[in-house]
Amino acid sequence: MNPNQKLFASSGIAIALGIINLLIGISNMSLNISLYSKGENHKSDNLTCTNINQNNTTMVNTYINNTTIIDKNTKMENPGYLLLNKSLCNVEGWVVIAKDNAIRFGESEQIIVTREPYVSCDPLSCKMYALHQGTTIRNKHSNGTTHDRTAFRGLISTPLGNPPTVSNSEFICVGWSSTSCHDGVSRMTICVQGNNENATATVYYNKRLTTTIKTWAKNILRTQESECVCHNSTCVVVMTDGPANNQAFTKVIYFHKGTIIKEEPLKGSAKHIEECSCYGHNQRVTCVCRDNWQGANRPVIEIDMNNLEHTSRYICTGVLTDTSRPKDKAIGECFNPITGSPGAPGIKGFGFLNENNTWLGRTISPKLRSGFEMLKIPNAGTDPDSKIKERQEIVGNDNWSGYSGSFIDYWNDNSECYNPCFYVELIRGRPEEAKYVEWTSNSLIALCGSPIPVGSGSFPDGAQIKYFS
């Protein structure tokens, strides 16, 4: 190729490149006009590209009117599965952290009728869970809500300390018996629904149905009525089916993301198990339960969350904590129920079995669901000779109480141990106050342990039921 041909060829290439650049420029101008016009009508419609590198650094590239804004943020890692690696904190007394006064508010506000409330926490907060009756206190449908199992019941949650209303309550699942717990990543919930002789448990994980469990004894399949506990992605639940006043059939069931990975029939010396109050510690779960058949002493289930195995026995102390119950005994029983008049049927309760710092809760009345007290009984879980060392009144005996159970905020990073907490249900209405109202509902108080001694006080429901007449 001679010099003139080379010159013409180079000129042609330059002209072609110039035309291409001109076309690209026109395209960019058209795109900018289009984006600007679209942004005027939809100012939030910006283009965003997010890239996450291996160091968990997030690069956010936001294109606004052809301008790139780069934000560099450190991504918060997922909290991960809960590991029960701490022991219980020592407690010298109990302080109230929440009291919802639901019945007092219910005299003039639209408060939902509930029973069987409990408290359960997640990495962000603690909430109250309760089984509603499909009505509010002032609604005529509240008549007859003393019945435990109806088609209108379901589990709701509300911010702890707030009385449950239609506007602040979140529906969880349909049923008349429940338990719920968070594994650090998401929440698992179980509700039992249906007929007494043919009930079904529905299991939800991350608010999605994952498993169903059909009755195995055709006699009121039921579960804890307080929170379950998880360790390293496995959540354990105690469920019972069978007679309330005779030999029943209890299972300890292990779940992963809402699906069953193992079942165990009840082992050990406990004769009857219902409504367990469970808490986690040292890679174990301890459940303090209700013997509705024979024992005024409470049965205990100890669960190894590494081996997924359990055993059962009774709290050893002769200080009895069920209701109704006979007089306290000088010597307790570790492996057999303590009977006597008045004895059965019983009430849901709890305890924290922490060797020398063991605390047990019970109604003050041995016969009625009234009053509530916490008793410090060193080594009550293992020593039949153990005696009451300290007593703290929570609700005076001239006021109604009800179910009680344990809970723990496992995500409280301010402590090197798990601070024990509990709640007390304050039942109002029928059957004790049938003279004034036709409904049964409750308010709730929640308390947590203090590392130093505390003062005194009584925290009753406080509503004047005659105002509802």
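Quick reminder: no glycine exception, Cβ is built from N, Cα and C everywhere.
Pulled from Swiss-Prot:
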type: TOPO_DOM; residues: 1-6; note: topological domain 'Intravirion'
type: CARBOHYD; residues: ASN28; note: N-linked glycosylation site
type: CARBOHYD; residues: ASN32; note: N-linked glycosylation site
type: CARBOHYD; residues: ASN46; note: N-linked glycosylation site
type: CARBOHYD; residues: ASN55; note: N-linked glycosylation site
type: CARBOHYD; residues: ASN56; note: N-linked glycosylation site
type: CARBOHYD; residues: ASN65; note: N-linked glycosylation site
type: CARBOHYD; residues: ASN66; note: N-linked glycosylation site
type: CARBOHYD; residues: ASN85; note: N-linked glycosylation site
type: BINDING; residues: ARG115, ARG149, GLU274, GLU275, ARG290, ARG369; note: substrate binding site
type: CARBOHYD; residues: ASN143; note: N-linked glycosylation site
type: ACT_SITE; residues: ASP148; note: active site, proton donor/acceptor
type: CARBOHYD; residues: ASN198; note: N-linked glycosylation site
type: CARBOHYD; residues: ASN232; note: N-linked glycosylation site
type: BINDING; residues: ASP291, GLY295, ASP322; note: Ca(2+) binding site
type: CARBOHYD; residues: ASN356; note: N-linked glycosylation site
Message: I need the most crowded of these binding-site residues: ARG115, ARG149, ARG290, ARG369. Count other C-beta atoms within 10 angstroms of each C-beta and give me the top one.
response: ARG290
Query: Using C-alpha atoms, which one of the recorded positions ASN143, ASN232, ASP322 comes nearest to ARG369 (substrate binding site)?
result: ASP322
Overall pLDDT of the topological domain 'Intravirion' (1-6), taken as the mean: 46
- request: Could you name the residues, excluding ASP291, GLY295, ASP322, of the same chain that surround the Ca(2+) site, i.e. Cβ within 8 Å of the Cβ centre of those residues, in sequence order?
  value: HIS272, ARG290, ASN292, TRP293, GLN294, ALA296, ASN297, ARG298, PRO299, TYR314, PRO337, ILE338, GLY343, ALA344, GLY346
Query: What Cα-Cα separation, expressed in whole Å, is found between ASN198 (N-linked glycosylation site) and ASP291 (Ca(2+) binding site)?
result: 23
Message: How many Å separate the two farthest-apart Cα atoms among the substrate-binding residues ARG115, ARG149, GLU274, GLU275, ARG290, ARG369?
response: 20
- line: Within 10 angstroms of the C-beta of GLU275 (substrate binding site), the count of other C-beta atoms across all shown chains comes to 26
Statement: The number of other Cβ atoms within 10 Å of the Cβ of ASP291 (Ca(2+) binding site), counted over all protein chains shown, is 24
Query: For ARG149 (substrate binding site), which DSSP three-state class applies?
result: coil
Alpha-carbon spacing, GLU275 (substrate binding site) to GLY295 (Ca(2+) binding site), which is rounded to whole Å: 14
- prompt: Looking at the recorded positions ASN143, GLU274, ASP291, GLY295, ASP322, which has the shortest Cα distance to ASN85 (N-linked glycosylation site)?
  reply: GLU274
Query: Quick one: Cα separation, ARG290 (substrate binding site) versus ASP322 (Ca(2+) binding site), in Å?
result: 7
Site of maximum Cβ density within 10 Å, from glycosylation sites ASN85, ASN143, ASN198, ASN232, ASN356: ASN232
- line: Cβ proximity for GLY295 (Ca(2+) binding site), under 8 A, sequence spacing 6+, ordered by residue number, returns LYS271, HIS272, TYR314, ASP322, ASN336, PRO337, ILE338, THR339
Message: Under a three-state reading of DSSP, tell me whether GLU274 (substrate binding site) is helix, strand or coil.
response: strand
